[in-house]
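Colleague: Dumping what TrEMBL says about this protein:
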{"type": "DOMAIN", "residues": "53-480", "note": "domain 'Major facilitator superfamily (MFS) profile'"}
{"type": "TRANSMEM", "residues": "87-109", "note": "transmembrane segment"}
{"type": "TRANSMEM", "residues": "121-139", "note": "transmembrane segment"}
{"type": "TRANSMEM", "residues": "145-165", "note": "transmembrane segment"}
{"type": "TRANSMEM", "residues": "172-193", "note": "transmembrane segment"}
{"type": "TRANSMEM", "residues": "205-225", "note": "transmembrane segment"}
{"type": "REGION", "residues": "245-287", "note": "region 'Disordered'"}
{"type": "COMPBIAS", "residues": "250-270", "note": "compositional bias 'Low complexity'"}
{"type": "TRANSMEM", "residues": "298-316", "note": "transmembrane segment"}
{"type": "TRANSMEM", "residues": "336-357", "note": "transmembrane segment"}
{"type": "TRANSMEM", "residues": "369-388", "note": "transmembrane segment"}
{"type": "TRANSMEM", "residues": "394-415", "note": "transmembrane segment"}
{"type": "TRANSMEM", "residues": "422-445", "note": "transmembrane segment"}
{"type": "TRANSMEM", "residues": "457-476", "note": "transmembrane segment"}
Amino acid sequence: MVASIISQLPPESTRHSTVQVDEKSIDLSLTPTETESLTWIQRWRYVSPYMVTAIQSFMIQFISGLNDGNLGIILPSIKAHYGLSQYVVSIIFLCNALGYITAAILNGYLIKYFSQSKTALIGACSMIIGYLVNLFAVPFPIMCIFMMTIGFGIALTQAAANVVCGEMPYSMLMLSFLHAFYAGGALVGPLLASKLLSSQKTWNTSYMILCGLAGTNAISVFICYRKLRTDSEKELDAEKERVLQNHENSQQIQQQSQQQETNSSTTVTTAPVIEPDQESMTSKEDTHKNSNLLSQIFKYKITTIGSVFLCFYTGLEVTIGNWGYTFLINMRSTDTVAMAHLMTGYWSGICAGRLFLGFATSRFGEKRMVYCYLSTIVVMMILFWALPYVGANAMSLVITGCALGPIFPTMVSVAQRLVPNHLYATIVGFLSAFASAGTAIFPYASGILIGSEGVSSMLPFCIAVAATMLITWIFIPDPRPSSKFSAKVNSWMSQFGFWKRS
């Protein structure tokens, strides 16, 4: 399926300048008209070296989606098993959030001191530990602690998957497929959990399945990411090689100078002399470049504004996915299986949106299309709240899912074009990990609100979050203003210091 879609698209501009295919250099900055001569085989050979790491990244996202989709269905069973109130059971989401935020802070440092591949492996192993403990239905406080471990692992692996796919050719398409697999996992999660519960299985049975998948994922991460080097890591390797070469050249020049002084004490040598502090200055420059990563990435407004936007986005996405089922069985129908199928329709919409709306988003411009998506979400949430009919609610959920689908990969694609190469992995990793915190913070806040005001308060909360996203999107710069309107908005916002384009 990936190959068939790629065959219909021209190579988009990425961080890679050229690639050799059939002894012909393909310029990735060519326009669609100029790339019509490329054959399907040439385009497939162009992307095929990346497919192993792409498939592994898809697997990471699928398991992450399965985790989130499963939790929403088993939450009432966890509440009943431990005899908890709505307030207390919501602590699960808060603990997840702590894991995500910890990963957002540490991700850049882990990549710096280990590597992107080893950081992903650390995350995969953390997931195994968390699932292994929780499948034994341990006491609730212990369960919450290891929910942090699961959140930490998911955030690290998701960050790696976003970086890997963001650096591939056809990155917008690859990111759309990546996040479609998340939606696919979230689609399967409710079906799997409801099937297990309807078969009189306990809620922790689903964690047995997740633990097995996490183990498989850790092994495949080790194999598929073993030789992975991101663009920022390659750039750092090149700089280290340059410093080493300067050091060797300095030693050779000193040796030549000493030999000439020994052979002729009366002859004035004319050997080139390297500036004494050149090597130390280079080392200091490299040290400064790699130190205090957080202060460097926060110089770019896309980091702060983008992380807030994605935190709200994932919070809305998962709040609907987790608490939507609780809302439906309390406010619409007691048919638990049918209501689980409605939530499946929601995740199906997200999956479809990511698969089929990515091209339209690139074609008509990211800024314009995301405005349309967010406006649609607000309208559909209002209809979901106002119309007490299961059929109308099903339609609202599917359309909301379709509109939500392409927003995350679009944001990552926008960030890719606004940050320098050596900070790309750190910034996108931070965006992804911080966004994961939204999947816990907002469901937790929604749970507190439901506990105090009732389950009917969930939808006004979601409408407010969607409206806030719409406002926040105004402050995200357009990396390629394609209309006079976009250019005027960017110019006006720059005058007030909301962002710098470089």
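Including glycine, each Cβ sits where the backbone N, Cα and C put it.
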Colleague: I need to check the long-range neighbours of the transmembrane segment (394-415): which residues 6 or more away from its ends have a CB within less than 8 Å of a CB in the stretch?
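Modeller: Same-chain contacts beyond the ends: 162, 166, 171-172, 175-176, 178-180, 183, 302, 306, 309-310, 313-314, 316-317, 320, 324, 342-343, 345-355, 357-358, 361, 366, 369-370, 372-374, 376-377, 380-381, 383-384, 387, 427-428, 431-432, 435, 476, 478-479.
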Colleague: Under 8 Å for C-beta pairs, could you tell me which stretch among 87-109, 205-225, 298-316, 422-445, 457-476 has the largest tally with the transmembrane segment (121-139)?
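Modeller: Ranking 87-109, 205-225, 298-316, 422-445, 457-476 by Cβ pairs under 8 Å to the transmembrane segment (121-139) puts 205-225 first.
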Colleague: Which of 87-109, 145-165, 205-225, 369-388, 457-476 shares the most C-beta pairs under 8 angstroms with the transmembrane segment (422-445)?
Modeller: 87-109
Colleague: Could you pull out which residues elsewhere in the chain have a CB under 8 Å from any CB of the transmembrane segment (87-109), counting only those six or more residues past its ends?
Modeller: 71, 75, 78-79, 119, 123, 140, 143-145, 147-156, 159, 293-294, 297, 307, 322, 425-426, 429-430, 433-434, 436-437, 439-441, 443-444, 447-448, 451
Colleague: Using a Cβ cut-off under 8 Å, which residues of the same chain at least 6 positions beyond either end of the transmembrane segment (205-225) come close to it?
Modeller: 52-53, 55-56, 59-60, 63, 66-67, 70, 74, 116-117, 120-121, 124-125, 127-128, 131-132, 134-135, 153, 157, 160, 164, 192-193, 196
Colleague: Near the transmembrane segment (145-165), which residues from the same chain, at least 6 beyond its ends, have a CB less than 8 A from one of its CBs?
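Modeller: Those are 53-54, 56-58, 60-61, 64, 67, 92, 95-100, 102-104, 107, 110, 116-117, 119-120, 122-131, 133-134, 138, 171, 174-175, 177-178, 214, 217, 221, 225, 228, 230, 412, 424-425, 428-433, 436-437, 440, in sequence order.
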Colleague: For the domain 'Major facilitator superfamily (MFS) profile' (53-480), would you mind checking the mean pLDDT of the predicted model?
Modeller: 82
